[in-house]
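Peer 1: According to TrEMBL, the substrate binding site annotation covers His107, Arg108, Lys123, Lys130, Lys131, Glu132.
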Amino acid sequence: MAAEERNLVEILEEHNVIDIAKYINYVSAPQAGAVATFSGTTRDTFDGKPVVELRYEAYVPMAIRCINDICSSARASWSLISIAVAHRLGPVSVGETSIFIAISSVHRADALDACKFVIDEIKASVPIWKKEVYANGEVWKENSEFLERRSELGNAGLQEGGTHAERKSCCGAKVKVEGELKFLERRSELGNAGLQEGGTCCSRKVKVEAQEEGVAVGLR
């Protein structure tokens, strides 16, 4: 059955633009009555501040594994034909696409619902980090989906008698200190309660960047 699944997941290296037509063509099929897409682009302002560009970093092997897990979860919930996901790394200028998702299905509701699920899960759990660059500075940004997921997992852990320190994720944490990028993997399984609530293996991602004036911690 797994051999019948058509998933294309690509993390594009710096300065490689996303070929949208390529991914739409990949998911297109004679039996597909719908192709739903999502294109995430760099906007020019955030909270009134002009944005110059976004910059993305990732732990690529784990990011690909996590996205494939998300695709499998989507297939378990909706009847899908093909899924394609592409994410850029490096600088992404205003108006350019940083992530593109295309999903095909027989009926539009499946493709539309699955497309929203996939982008929300990627933002919440995949080890890809975003920095917003302004004319007068830059900052690592937390996704709202990640903050919500962290809160949900933390509450579940406390209700089960655990602590935040005891909660583990197979996707681990990425730590950046004095310019050196390291990835710390922790491969313990999620508890049954977490899986029953629809969680993925990629439930936590952390970035720490040392700066001249101190250490800034960003949760993506």
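Positions of Cβ are set from backbone N, Cα and C atoms, glycine also.
TrEMBL: automatically predicted annotations, no manual curation.
Surface or core, plus neighbours and distances: that's what I need for these features.
Peer 2: Around the Cβ of Lys123 (substrate binding site), the number of neighbouring Cβ atoms within 10 Å comes to 20.
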Peer 1: List the same-chain residues at least 6 positions away in sequence whose Cβ sits under 8 Å from the Cβ of Glu132 (substrate binding site), in sequence order, or say none.
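Peer 2: When sequence neighbours closer than 6 are ignored, Glu132 (substrate binding site) has Phe46, Val51, Leu54, Glu138, Val139, Lys141 within Cβ distance under 8 Å.
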Peer 1: Using the residues the record lists for substrate (His107, Arg108, Lys123, Lys130, Lys131, Glu132), what whole-number Å value is the largest Cα to Cα distance?
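Peer 2: Those residues reach a largest Cα separation of 37 Å.
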